[in-house]
Amino acid sequence: MGGCAGSQRRLSDSEGEETDPAPRPPLQDRQGAHWKNAVGFWLLGLCNNFSYVVMLSAAHDILSHQRAPGNQSHVDPDPTPTPHNSSSRFDCNSVSTAAVLLADILPTLIIKLLAPLGLHLLPYSPRVLTSGICAAGSFILVAFSHSVGTSLCGVVLASISSGLGEVTFLSLTSFYPRAVISWWSSGTGGAGLLGALSYLGLTQAGLSPQHTLLSMLGIPALMLASYFLLLTSPGSQDLGGEEEAEIAAQQPLINSQATELKPGSSSHLSLRERWTVFKGLLHYIVPLVLVYFAEYFINQGLTSDEHREFAMATACISDTLGISLSGLLALPLHDFLCRLS
């Protein structure tokens, strides 16, 4: 059933195609689809943020250690000492770990800034595939890196994967029952815990940072399997009963007549319409810069049908902007603290 669902989804990726609504499936089938989508979005949230979290957890190792050529199993046992302020009571690198934070967040910020302008032109499946490849590439590049610069390039790949995946999957939730956003949110939270603990646990157990990173290559594969094999086709979703009553009772964020939802439907919005939608989101985006959790509140509250796909992709810029600002501030703060005796 998974392969068939993947084929249906890839067909639905093609924009502009009209399909007749499918008859309402039996209750048992709907329940099965519900749990497949719930687990699928939880895994997508987990896998999408996993590489981002791991790179932050490995930030000190990335900046402190360089592997000697030919030494692929362990960190160089006698590395060249990294210059730092030995008189400071802080454990300082020559480069602040905020550099890793910025490499891990700025590409995501750029993607989220540009995504509402043209990302909708690319179908979902190629986006997901690109995200998975970048995540795998980040683990490989950092694992085999011999310099901080190369490692930071690997971190950038992780950021591209996370940013592209977040915009894509949050947009995709608009075509599923709204409960999936809670499962996605839970998965991203799980990534913060499991990502950090897995890196710490494996390195403390005796694995080298290189082997630890390589052992995580199964995460991008799991993300691709969750999307292509586990999720059901968006066109087969049934929002009947309580969901229909709830939608009917809600007021749209921006007044518009309801239209049938299809993946890629936001591609028909003009630049003026996109700007109107964006202005309508500003009073949510500003507080979201300060309050990360509120992102998921507003994502569930958008009732904005023909605008929902675009709005979901736009609102997620908030947390990334806040993290980027913190990284920029941390760079001079690191240097100031390390000069203290």
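Including glycine, each Cβ sits where the backbone N, Cα and C put it.
Sequence annotations record features per position, and here TrEMBL assigns region 'Disordered' to 1-31, 67-90. The transmembrane segment feature in TrEMBL is assigned to 39-59, 98-122, 134-160, 180-200, 212-230, 281-298, 310-331.
Stretch with the most C-beta contacts under 8 angstroms to the transmembrane segment (39-59), considering only 134-160, 180-200, 212-230: 180-200. Tertiary proximity for the transmembrane segment (180-200) is limited to same-chain residues at least six positions away from its ends with a CB under 8 Å from its CB atoms, namely 37-39, 41-54, 56-58, 169-170, 173, 212, 216, 296, 299-300.
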